[in-house]
Structures are given as C-alpha cells and as structure tokens.
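To start, the structure under review is shown below, and the notes come after it.
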Amino acid sequence: MALMRITSPHAHGPQKTSWVMQQVLLATVPGLIVLTHFFGFGTLINVLWASILALAFEALALKLRKRPIGFYLGDYSALVTAVLLGIALPPYSPWWLITVGMASSILLAKHLYGGLGYNPFNPAMVGYVVLLISFPVQMTSWAPPRGAGELPGLMEALQACFTPGNYDGVTMATPLDVLKQNNSLLVEDLWQANPQFGRWAGVGWEWANIAFLAGGLWLLYQRIFTWHAPVAMLATLTLMAALFYDGGSSASGGSPLFHLLSGATMFGAFFIVTDPVSSAVSVRGRLIYGALIGILIYLIRVFGNYPDAVAFAVLIMNLAAPFIDQYTQPRTYGHVKSGGGD
Amino acid sequence: MRKLFDFHGGIHPPENKHQSVRTGIATAGIPDELVLPLAQHIGAPSAPLVEAGERVLKGQMLAEAAGTVSVPLHAPTSGTIIAIEERKIAHPSGHSAPCVVLRSDGKDEWVEHHPIADYKSTEKQQLLQCIRDAGIAGLGGAGFPTAVKLAVGPSKPIDTLIINGTECEPYITADDILMRERADAIIEGTLILAHILAPDKILIGVEDNKPEAYSTLQAAASGSAIEVVSFPTKYPSGGEKQLIEILTGKQVPSGGLPADIGIVCQNVGSAAAVHDAVILGQPLISRIVTVTGNAVREPQNFHALLGTPMHFLLEQAGYEADKNQRLIMGGPMMGFTVPSADVPIVKTTNCILAPTADELPVNPPPQPCIRCGMCAEACPASLLPQQLFWFAQGKEFEKAEQHNLFDCIECGACSYVCPSNIPLVQYYRAAKAEVIQLRQDAEKSEHSRLRFEARQARKEREAAEKEAKRAARKKAAEEKARLAAEAGSAEEDPIQAAIERAKAKKAAQVAGSANESQLEKLEKAVVTTRKRLDTATTKLEAARAEGADHADALQLGVDKTRAKLEAAEKALQDYQQANGTPQAAAADATDAAQAAIQKAMAARDAEANKSPQDKARDALAKLEARLAKSEARLQAGREAGEEEKIMIALEATVERLREKVAAARDQAQETEQC
C-alpha cells in the first residue's frame, strides 16, 4: 500500500461544527419549556413548523446551488436558524407568517450571500425583521401568560397555526409595551395596575429569560463562545437602564432588572449576539460589538417605535462588524502595537 | 521558584508519549548502507570531500561546510563510499537530493579523536570552530547550525541561555529519554555553551509531563549555575518563541532573533552533541530517534546512526506496514509525511511516527468557516486565523500580511481545533509562498522598469541634443544670410535685429563652444563686437541723417558697444600676454581642443556610469545654474533700463527655466524614492 502524503497537522481535535450547532439547539430547551409552560404550545409549534421549512428551504437552495445536500444539511445550521426564529415569533403565529419568515432567513439572508459562514446578517433576525416590518399586527400580538387568561390547548394551538381563519385568540400587551405606552403612572403604580408584570419583569418573561440565561451559561461552559459579547451587551443595557431609571417616575424607562429579564434580552445575549458568523471576531471587537448592541437595545426599546429591539440592534451591529474588525486586530506575538487600522 | 509566564492560546492534544518510554534507549546497530544527504540543516548544502570508491573511517569528514550558514558532514561508521548521487530523502517536497552513500565494512573503525581537555581555558573562537567542525545543527527539528547561533556579536550581550527540553509535540520522547539517560552530558554541554556565551542566567525548561527527566536533570545540575525549570504542559510551549515567553515573559520581536533580546535557545540534544564534540572529540554522527505509532508493535527510542534507512529502525520496532497509512517524520502536529520507509535518518529526525488509519484518521472534507473563533483562542501568536483564512482564500494577500501572516509559526493549533476541519495551516503555507513569489516578481519588474526608464531618458536626451544642434546650425545660417542682406538696409527694426543677433550669437556659442579655445573666444568677441559697433554706427548715422527720434537711443547703444569692444580688446591682449605668442596660443588651442574632447568623453563615460538618481540630480543642478544666470541677466537688464521687448524676452526665458527646474526637481525626487 502506498503511503499517503498529507501536510501537517495530522492530529485533529474532537470538535465538529455539527456538534457546536447541536449544543446550541440543546441549550434552547430550558427556554422552550418555560415558554410552553407560560404561553402554551404556540412556541413549540412555531419551532416545529419552522424546522420543517428550514430543512426544505435549505435542501432547495443547496440543490439550486448544486451542492451536496446531505453533507450540508448535516451541519445543523438551518435547524438552529429555525429554532431561533420560532422562539422569537409570537406564539400562535399563522403558518404563512412562519413560512415567509423562514424563506427570508434561509433563502434571502443565508444562501443568497453564499450559505453558511458567508452571511453578513444573522439569518433568524433578518427573517424576524422582514416579518415585523411587513406584518406589524401579527408580529406584535402576544398571547396572555398563564394566569392572565386561559391558555389554548394543543388542538387550538395547531388550529391557530394551520387554519388561522378559524382561530380567535386573545392577545395582550407585553410588559415592555405597557411600560412604553405609560405616561401617567409611577412605575410602582403601573405594576399594581397590570397583573402581567409579575415579580420583576412580567409573568412568564422573567422565567423565560432566566431559562435562556441558564442555556447560555451551559454554552459558555461548553466553550461554544466566549463571554465577551453577551456580558458587554448585558452590562451596557444595565448601565443605560440605571441611567434612565429616573427613580421610577412616570417618565422612567424601567429598572435595570426589568430590562434584563424582559422581552428577548437573555435570548438575544446568548443565542443571537453570540452568532459567530455575523459578529466581530477579536476579543476587543466582540466587547465593542456587544456593548453597542446593549446600548442600541435600550435606545430602541425606550425611545423607538418598536416594543422590543434585539433584532434591529443586532442587524445594525452586523453591519458594523467588519468595520469593528478592521480596528480591533489583537496584538500579534512580537509586535509592539496591535495591528489593524489604515 | 522562578516566576513563570503564560503565552496566548495553545492546545492540549492527547500526549501519547508513554508508549515509547517503557524501555530505555536501544542501539539500532549498523545498517549495510548509509545514505547521507548533503543538506541536513538550514543553509547551504555541504560540499563533498570524498569520491566514490574511497575508504573512510568513522567520524571522518565527508563533506565540508559551504559558507557561513552550513555545517560539515561525517561518516557515521567506517566503510567505502559507493556513490555520491541523488537519493530520495525525508523532505516535505518528496524530492530527491544529493547524498553520499556509504557501504559499511562492519569494523566501525574510528578516526583519531581530538577532544579539548580543558574547555574553560580555551578560546571562545576555538570552541565555536570545534562545534562547527563537529557538524552540529539544531537537533530539535529546525536544524539551524548551532555554531552560527552561538556566534553572537558583542553588540548583543546574551543575558539568558535557555536549553529547550520541552518536547511539546505528542508522541515524541527522544529528548525525554535523552534527559533521563544522558543528563550529565546535557549539563556538561550546557556549561560549555554558557562558557561561550557568558550569560547571567542558564535555564533548562522541561514540561511537567516529564517528571523523571526533570528530577534527573535537577540532580545532575545541582551545584552548578544551571536552573532546571518545570512548567505546565501545553502545546506548543516548546516553540522557541513560546518557551522564551514562558521563562522570561519577553517576546522575540517580529522578524527578529532571540539574540535581539539577549537570549540564546538551544535544544537538549544539541547541548549533548556539544558535550560529545568538545569533551569526547566526536562529531555528530548519530542521534536518538523515537519510533512510535500503533503500526509498530514495540514503540521505543533508538540510538541510530545518521543515514540509517527508516525501515531499518521500523523493522526492529515491529513495523506492520499493512496497518500503516502514512509515515511521518516528526510529530503529529508539525511533522511531514515521507514518500517511503527507505528515506534515511538525518540530524533533525527526532521521531518516526507510523500511525494506523484509526489512530490519526484522515480529515473529512472541510465545512464552511463559521468564524467561531476557536482558532483565534488557540493561536500562540495571537493571530486571527479565521481572518487569515478568509484573506488567503480570497487571495487578498495585502490584507493577510497586514494581519501578520508571516508571524504564523505553523504550529497547527488552529487546524487542530477547527470544528469545520479546515486545513488552515495549508492555506497559510500556500499564501506565504505566493506572497514571497509576488515580492520577487515585483522586485524584478521594478528593476526592469528602472532600466527601461533610464534607457528612454537617455534616448530622449540624445534626440534633444541633436535637435538643438540642428536648430542652432539653421539659425546661424539664417542669421548670416540676414546679416548679409541687412548690411544694405538700415530700415530694419534695430531692436529686433539686436535680439536676433544675440540669439545667433548664443546659438553659435552653443554649437561651437565645446571645441572653442579661450583665445578663439576672445578673438571672436573682439571681431563680433567690432562688427556690431560698425553696424550700430552706420545705423546711428543713418538715423541722424533722417532726424529719427530714436537717434539718442542708438547713440547710447553705440557708446555701450564701443565700451564693450574696448573691454574685449583688452581681454584679448591680456590673454595673449599671459599665454605668449599667438603661435603658442594656437598650439595651446589644439591642446585645449584635445583636452575638451577628452573631457567630453570622460563626461560621457561618467554619465553612462551614473545612477538615475545622480543623473536627475545633475540635470537639476545644471538647470538651476542656468536659471540663476538668466535671473542675473534679467536683474541687470532691469537696472540698466533695457527696452520692454528685451525685458519680456528675458522674463519669458527666466519663467521657462523656472518651470524646467521644477520639473527636474520632481524627477530627481521621484528617482530618489525608487
């Protein structure tokens, strides 16, 4: 037998891209359980339908691009996009909404740019923003959490998704929404007046955020990503909230704890901001990238027109990532200054 | 305890070192045929001293060092040289290279040894020569001539000598076992190196996965100035730059050498070889080689003669060729595959790794890079491998260089951790090679551009000179004709005539000045001035007769010309008095002409030898002189209150010269920058 000629290194570590993606999927499980507990089966059905669509669109795109379908489907990246978008969408979204969202994510944001690794924007967030701009009504109607109304059963949930005409769901403003619309009550009174605020940041929301935080910490432990971007994002969001808390007056932007446990904060910090493909690459770059996302989230939440802001903040910073990379090259061994710049 | 430092990144691949240290060093014996490549080190291949058919003794020099960065080669055993020819060697390219082939006679008969009894009272130069003559080149794997590394000038005082016993590559145990079994030789060799370099600190660095080697060395070093330092195991801590950072906290400047920061680093194997050369008088003819991998039944370390074919060692270790998929010289991280088991052991062969297909499986096809950044975390040089990959793939070499591509040490840590199985190091190697190629091409084309431009400039200048001469001749002819015609007609504008004459004079001067002697010039000046005085007087009379209103001006001109004539006549007289008779002056004139010709020829030769910078500079100086002259003339004209037309002409000349000077200055600057 002839000896093989291969260049070094000959040894390879155990890491696989598919393993990385599987860990991300696994880490969403606590959050999914909490969301299902508080808001019913809506999110689970979102995720399942989105996953089926993601695989179909991915296979279609690969076929059109004449790439080996099985090989690329095996990297699980399409499934990750589907799960992330499914979680981000309001529960009980109609099937066509999810379909449009997944088509935007997989075909527009991912494969038009060259597929996995080449997309400048986070695909799930592109899908989300396309839907938010095109269908604001459907995208801003959240189901009331357990306790504030009756939760639909599994059959009703399926109906809501696949025969949306026959489904007449109840919706309720999210805590972020209520706080934004408030212009007369002190924060304390607002809490009293609205049962959905819960203990810190909204019934269901606070626990969902804690669950996503737990998933994120698991990923951190597994060294799927580094702490820099999420911690920077949470830190600046906290700082902004503290600066504009205003002692809980009627003009208050909400407390830091409220912002940390509301809306998509933890989900965004550990599952969206950490997307390596569309973020900055160096340690310093990721700190800056995360910090600016945190500031943008607060500004859009409190001073903007949309109730939640993770998607917009992330997309804007995706745009800035190459620029940040240019100026945050680390100092190479044996060099006096860090490189980059001109 | 010495304060230790950490370096960025690094990985912890499975060590797989225990397999080959279960037994001590085995002696491989003498194979029938030894193949000794002339290039076993970094630098120029050594030059053969022997011929086919010659009998040589063990330790006899077979080839001498060719140049400074080179080492000689010695016979590992006694026998007959059967050929000096191209043989397959262990090299990443898989190419053949010139080798001395030695058939052993089994007698293993030594040449006479010349040890240095007391190295402490021996000159540093003599010790360096001894190390060089022993053919020692870095045994750690790079193969850089040891004596060259030790010969640091007095401008770079060495403050720390580091002996590298790290051996961070998985599988390899050659240094480990050497430290266990020959600690005394290593310590002695280290002291010799220290005697040469006179450092303040002498450190031996050992990873903490070799406790036995560490304690043996420490025992051997007790009582000496040598400090044996143990530090946490992490690949690639044995890289010279990384080890220096671990032990001193200093970083070797990019593109620089450890000596720049007062450090010299040597491998433990090299230290032992220095001991053998100085104390025993034995050249480097053998080394320790680890033979390991699951495709050998008894992994172990061999004491093998250089030139021993790999299969000779593999067979002794129980090689199962059918299980072996690739044969690697070196370790699994930085080693390279060899084309066959026939290639010989060289000075840098620390390990022969024969893995099975399960042990080191071939990588599956790469997936796209998701920029996860695991490579950047693992990179010991603090590079951004994912960005370098992006630039290498897109052939954006400028950006790759800006991201310090050339600081990559090719340790393979990035490829090891890449979850997408991208052969990153391969991309960097290719990119480096391409950048080097591009640099060479650019240099070549720049060279030919300069040559082309110089040639073009010369041609243009020649053409311009020709044209100027032609124009001058034409003008002179025209002027002559005009003067002849003018003699009768006094009607012509006197100012115009004056300008024309001045031009003609200048043109004539330009045309003829080269061959004109001083005397001729003076005579000519007298003649022309007289002629001008005559014409002017004629004109003045004519004008007076007509009662023209410019008669006064003409009177002034006549007076001036008369004064000039007197001055010219006086100058001629002075000259003639100073230079003797007119006959002698004529002889002088021929001599002067001869001299002028010679001068012109010399000037031409000088011109041809001048660099473009000098040429541009000279052109600029000439133009500046001309400008100064014209400006002076303009100034004089102004003071004398010359007529408007003349002033305009003079101003135009000055302006034109200024432009030319500016252009020439640009040109000079440009050439200087090139």
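Heads up, residue numbers simply count up from 1 along the chain you see.
Cβ atoms here come from the backbone N, Cα and C positions, even for glycine.
Looking at A:149-166, A:257-274, the range annotated in TrEMBL as transmembrane segment turns out to be A:257-274. Transmembrane segment is the annotation TrEMBL gives to one range among A:200-220, A:305-325, and that range is A:200-220. For A:THR174 (FMN phosphoryl threonine), other Cβ atoms within 10 Å of its Cβ number 23. Long-range contacts of the transmembrane segment (A:125-143) within its own chain (CB-CB distance under 8 A, at least 6 residues past either end) are made by residues 39-40, 42, 81, 85, 88-94, 97, 100-105, 108-109, 149, 151-152, 169-174, 177, 272, 306-307, 310-312, 314-315, 318. Residues of the same chain lying 6 or more positions beyond the ends of the transmembrane segment (A:69-89) and with a Cβ under 8 Å from any Cβ of it are 17-18, 21-22, 24-25, 28, 31-32, 35, 43, 46-51, 53-55, 57-59, 62-63, 97-98, 101-102, 105-106, 110, 115-116, 123-125, 127-128, 131, 139, 264, 267, 271-272, 311. Beyond the ends of the transmembrane segment (A:227-245), by six or more residues, the same chain brings 216, 220, 252-256, 258-260, 265, 268-270, 273-274, 279-280, 283, 286-295, 297-299, 302 to within a C-beta distance below 8 angstroms of the stretch. With a cut-off of 8 Å on Cβ pairs spaced 6 or more residues apart, the transmembrane segment (A:24-57) and the transmembrane segment (A:200-220) reach 3 or more such pairs and are scored as touching.
Per-stretch counts of Cβ pairs under 8 Å to the transmembrane segment (A:257-274) identify A:200-220 as the leading one among A:95-113, A:200-220, A:286-303. Look at A:THR174 (FMN phosphoryl threonine): DSSP puts it in coil. For the transmembrane segment (A:286-303), the list of distant contacts is 176, 180, 226, 228-241, 244, 253-254, 259, 263, 265, 268-269, 273, 279-280, 309-310, 312-314, 316-317, 320-321, 324, 328: same-chain residues at least six beyond its ends, Cβ to Cβ under 8 Å.
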